């Protein structure tokens, strides 16, 4: 269902993932920190529903007008709605209790947060679909433990692997459910190893089956996703600069595609230099100077991620002023160990360094453009060295990884990866590091190469294999994610970031659309009654589980019904508790900016735990009563009260998902004013 609050206009991260869906339809290459499956499915849904990939997705609130966006939203809403039957069947399998499964289903059906998150073009419902699919398949496979290697056992084991590949293929946080299933598998195998009725041959078959279905099958499917990704996105786009020159040469429309250029560098060649660190960019300069107080007031040298004429440099000898463009002058190749000058083609200033501090990395030296018409001083000299295992005398375009050492100071040219302030046009800082350490930061390759006196070679010889492309794409994603974890991520305008401890208590929501009283406003916030019930239940479960474990340890005699309840608590409940911990605790170790929606996978586990725990508690309370009729009434009344509470709370808070208009809740005249139970809520 499309909320009134933003019918016909883009909302929140739709501008991000909707745009990526358009890239797939247009076959335009892009870069994202997540694996591609989620965006591929969004693009496929848009394509099959008639969307033509032309909406720009520039900012939230832009109206879709005639563009057919409903297929993409409908697809995400369908996957989000599947969470309810998945959770229902999982709890039913673990508890063998229909009321427990129904309570879990009611929680997810009437949670305003799940509804809001599922009705937009986002990765979250796709991720949670595969996550819950993996959990359900795992639980179903466990229920077939008494008939191993049967058709149903193989089906559920294989489906677990398929869903693991799906979760990993959408976001790297899918690793948490991989870990969850992995721990369950280790526990299962450990139990089988202790079963002396099984021969080692049979145990080996169990082990091989799990390796096949839970490791090899997911890996094969995961790599297939990337194969499709690289096949579809065959046109040059905004993601080119993040990848190597050899990779870029395969993209239609890229300046390296299907071109022939000279293979070896020579003096007089016009080149671009690309830093090998992730998002290191091209060596770049422009007419602007460093501002007063930032090192020497000389011309800025930066790294720039995009193609630009200001990325062009001319390779010159240390002292010679010979006109190397003269066709009659002999060709002289640049060799490993040569001392060269790099003259910026647009401004005719030399690449220069000195002992002034770099703008941001204070222990490094500043790099500038210096001189007039190529005339500078001894601080313009650089030793070029090929950094490879095999000794190469000549410098090869694209393939040679080189290091430039400043002759006067001994420092090494590199990209720090830090973004300069507005005076540096928010480009990447280039420094000269005195610390002699080989790393991608200080390695460069030559990409564009213009020299009419040299014969050309086709770049087809540089075509990387699929394995090389797959490895490179993961290195880029991992480095970028590590960068986000260490330096954080800048939030968008009007976005509210949060901390992990905020999430279980529903401390603060997230605006999806609308920012003032004249807009329809949609606000991501969990149903408070449900979320606080889940939070209380976690503590309640721990109390019940500890009490049950102690009673069993002390040899307390239990009835058959209580023994079954203890099994559900210590096995089914423990699995859900473990899932919640694995999907929640890691966020406390992440330094990057976090958002409220990161908690929803953990919320699914806490909701299933709530169904199991309250069913156990009510059964125990009913069991204390002598009359079976009264016991059934108490049990039924308890569940009825929970169901009515959940439904009534949804009636109160449903405008959060379907759109509010009028004064903000902080205004006493607002119809939502009485529902602003916490001052941190901003709807």
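Any Cβ shown, glycine's included, is placed from N, Cα and C.
Note that the structure is a prediction, hence the values are computed from the model and not measured.
According to TrEMBL, the feature transmembrane segment maps to residues 98-120, out of the candidate ranges 6-28, 98-120. Taking TrEMBL as the reference, the stretch among 154-183, 244-273 described by the feature transmembrane segment is residues 154-183. Of the two recorded stretches, the transmembrane segment (529-552) does not lie close to the transmembrane segment (29-50), with fewer than three CB pairs under 8 Å once pairs fewer than 6 apart in sequence are set aside. By number of Cβ pairs under 8 Å, the transmembrane segment (634-654) is matched best by 602-622 from the list 29-50, 154-183, 211-232, 573-596, 602-622.
If one looks beyond the transmembrane segment (154-183) by at least 6 residues along the same chain, the residues whose Cβ comes under 8 Å of a Cβ in the stretch are 33-38, 123, 126-127, 129-131, 133-135, 137-138, 140-141, 144, 209-210, 213-215, 217-222, 225, 477, 481, 578-579, 582-583, 586, 598, 601. Residues belonging to the domain 'MIR' (331-387) score a mean pLDDT of 92 in the model.
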